[in-house]
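Annotated in TrEMBL:
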SIGNAL    1-28  signal peptide
DOMAIN    41-471  domain 'Integrin beta subunit VWA'
DISULFID  Cys42-Cys52  disulfide bond
DISULFID  Cys45-Cys82  disulfide bond
DISULFID  Cys441-Cys699  disulfide bond
DISULFID  Cys469-Cys473  disulfide bond
DISULFID  Cys484-Cys496  disulfide bond
DISULFID  Cys498-Cys507  disulfide bond
DISULFID  Cys545-Cys560  disulfide bond
DISULFID  Cys583-Cys614  disulfide bond
DISULFID  Cys588-Cys597  disulfide bond
DISULFID  Cys620-Cys625  disulfide bond
DISULFID  Cys627-Cys637  disulfide bond
DISULFID  Cys640-Cys643  disulfide bond
DOMAIN    647-736  domain 'Integrin beta subunit tail'
TRANSMEM  737-759  transmembrane segment
DOMAIN    760-806  domain 'Integrin beta subunit cytoplasmic'
Amino acid sequence: MGFGFSKQHKHFLCLYVIDSLFFFSCLCVCVNECINANAKHCGECIQAGAKCGWCKDPNFLKQGETVSTHCDELQSLMKRGCTISMIENPRGEQVTLKNKKVTDRSKGPEKLKPEDITQIQPQKLSLTLRSGEPQSFKLTFKRAEDYPIDLYYLMDLSYSMKDDLENVKNLGTSLMLEMQKITSDFRIGFGSFVEKTVMPYISTTPAKLLNPCTGDQNCTSPFSYKNVLKLTSDGKKFNTLVGQQHISGNLDSPEGGFDAIMQVAVCGEQIGWRNVTRLLVFSTDAGFHFAGDGKLGGIVLPNDGKCHLENNVYTMSHYYDYPSIAHLVQKLSDNNIQTIFAVTEEFQPVYQELKNLIPKSAVGTLSANSSNVINLIIDAYNSLSSEVILENSKLPEGVTISYISHCKNGVVSEGENGRKCSNISIGDQVTFSISVTSKGCPKQGKPETIKIKPLGFTEEVEITLNFICDCECQKYSVKNSQDCHFGNGTNECGACRCNEGRVGKQCECSSNDVATEDMDRTCRKDNSTDICSNNGDCVCGTCECKKRDNPEERYSGQYCECDNFNCDRSGNKLCGGHGRCECKVCVCDPMWTGSACDCSLDNSTCMASNKQICNGRGICECGTCKCNDAKFQGPTCETCPTCPGVCAENKECVQCQVFGTGEKKDTCKRHCSYFKLIKVKDRDKLPQPHDSSYPVMHCKERDANDCWFYYTYAVNNNTEKEVHVVETLDCPPSPDIIPIVAGVVAGIVLIGLALLLIWKLLMIIHDRREFAKFEKEKMNAKWDTGENPIYKSAVTTVVNPKYEGK
């Protein structure tokens, strides 16, 4: 079982129950803080919550209602007949008393005094708080350019810091030169510390008090804290005075640095702090003593957090214990000092933990080089100044404050992170939304003052808190009024506020006479045994009815016999939502009748499109048509799901809603939302006429692609038009493309080959015919055998005359 509350003034209490079937049920009960307050007068009422009001109409209460019924939420009061002018409902407000704009140095290069530079806006506010009603305002912070800086260097002068002292002796002028890159107004100071001048922290032998070091080392006498140099802009003076310092010594390892930090924080006049950025550099190579350690030296008085410097030396170290860390945090914050711990690497973890406890502090590693010390200080300053963290002073009882930061690059944070913004450069501006809320009134009810400021900065916002604890009408109250039973009470805001010892609406009874038999008898109806019908208490012979958890429900009547929640219901609504419940009987609104006001007398809802009541096919009862003809349905008996033409009429809408096609596909949402669409997987899932308690029309239609789709049309028992559609189209099988393409290609190839063969055959036939013709002509040719007369033989025959043929 679980409980949950909302953040509103009216809450909901929900009870979750898991039954055996793992189902959840939820019972929600409204909790009205105005009624629960059981306010006896207007002041108590308005303190119960921001939504509570008090009806000061003296005739507002009905019989049986208590004085606290004057207090309720505004809407409830008006609903019960209290006019807005008679409701006391004061509201909070805010007034900005000082709102100087943040300094914008880009508009002018002139040098300003520190008191003329503004980094936070507004500077002064007055808030008037009503209980439960937050008052919000915006705070703007802008990191100023060339803002003055005061830096105080606090150094451990125990013997182990001998080498570091040599480095610091030349720090002044070098640091001045580097810091002038950040600000033109820089001052530096110097202080030193060792330890409390009592045993066992130092040796108290006369020789050791003069020179605590061993051997031939020349050391100065031990001391707790010295303010060597007040803050100054003279860097050479810093070098000179620091150069005159000598190392001292002590016995134990932890040092008395906390004593020194406390004096630096609270001795503002001696140190020379201005209302500017204040930096404290704490340099050591050892740990620290804190509250309680002084008992080792017999010192038990807690540190008083006050300045005890005489001739710039802390004189009460032997009298007061070391301060606690929390005490240091408070004083550093109160005096807007940001601390930089310059420590050796060995003690880094210790001072890192200390840094986490001290807001606006940083830790750096101390080295044996003066330039590294300067870099440490500058880096730590940049880290500290780039983050703004808001803190507020102690809040009055019942007052809460919340922050929402709006930082660079649109980063928004809430809760504890809403107090701060990081990575702020010079000239950057950030805002914080701050909300202040009061719950009730402080005991005194007097104005209170709180302050909000960024840690490490001297500027702050001063907020005066005024509390609304009483109503305006209380100013006009009449003490010992005759309206309150001959002066037994104060007539205040439309009700009697009884004097001590008196009770009743008009203070008509003494508290000693409340529970008497005679008085109880007048609270019984018809001499029954039930006092006030078991729904109230008998006070002064008059029934005061009990209150219900639900603020909308109440008992009333002389004997609390009436209520406004036990009337007949319709549609799970009291009096059908068309009337009000008075003494367990519904009083219906005009044009409604019936025990639950669920029968309308208006026939306009039965008017058909042809201007006939129920289309002439039924009768109108309580605003609903009852059709005479079973074929006709609908709110006006105009729908006939089995009449011819229904399928064609709904074809386009079914087609566009299910398949996204058809003539109405572009206007489908506008023209086709008049029926409830239900998709089914196949035709067997479509509703059948014999399975339904209402007529069903089966339809078969064809689309532009010659595909068939099937659906049914019907009007159910709730007069809703239902269309069941088979979600897939019934299309003729499409031809197999691959064989067709292959056949066409093969046919083209075969036809080509056939044509080629035919051409080849024709060529062969043609050639043979030509050759035969040639042969025939050759055979038939007659050649001439005579010689050519001009022909001469190429052969010449020569006969040797000497040849005799032998």
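Heads up, the Cβ atoms here are built off N, Cα and C, so glycines get one too.
Any TrEMBL annotation is an automated prediction that lacks curation.
Given the structure is predicted, the values throughout are model-derived calculations rather than measurements.
Sequence-distant neighbours of the transmembrane segment (737-759) (same chain, 6+ residues past either end, Cβ-Cβ under 8 Å): none. Each residue contributes its Cα atom, and for Cys614 (disulfide bond) and Cys637 (disulfide bond) those atoms are 5 Å apart. Using a 10 Å Cα-Cα cut-off from Cys637 (disulfide bond), the disulfide-bonded residues that qualify among Cys507, Cys625, Cys643 are Cys625. Checking the disulfide-bonded residues (Cys82, Cys441, Cys473, Cys507, Cys545) against Cys42 (disulfide bond) with a 10 Å Cα-Cα cut-off leaves Cys473. When Cα-Cα distances from Cys640 (disulfide bond) are compared across the disulfide-bonded residues Cys52, Cys441, Cys473, Cys498, Cys627, the shortest belongs to Cys627. In this structure, Cys583 is the one among the disulfide-bonded residues Cys52, Cys545, Cys583, Cys597 with the smallest number of other Cβ atoms inside 10 Å of its Cβ. When other Cβ atoms within 10 Å of the Cβ of Cys498 (disulfide bond) are tallied across all protein chains shown, the result is 22. When DSSP labels each residue, the domain 'Integrin beta subunit tail' (647-736) comes out as 23 helix, 27 strand, 40 coil, counted as helix, strand and coil in that order. Sequence-distant contacts of Cys484 (disulfide bond), defined by Cβ-Cβ distance under 8 angstroms and a gap of at least six in the same chain, are Thr490, Asn491, Cys496, Arg497, Cys498, Gln506, Cys507. Looking at Cys588 (disulfide bond) and Cys473 (disulfide bond), their Cα atoms lie 37 Å from each other. Annotation: no disulfide-bonded residues among Cys82, Cys441, Cys469, Cys583, Cys625 have CA atoms within 10 angstroms of the CA of Cys52 (disulfide bond). Over all protein chains present, the Cβ of Cys643 (disulfide bond) has 12 other Cβ atoms lying within 10 Å. A gap of 10 Å separates the Cα atoms of Cys583 (disulfide bond) and Cys560 (disulfide bond). Neighbour count (other Cβ atoms within 10 Å of the Cβ, all protein chains): 16 for Cys473 (disulfide bond).
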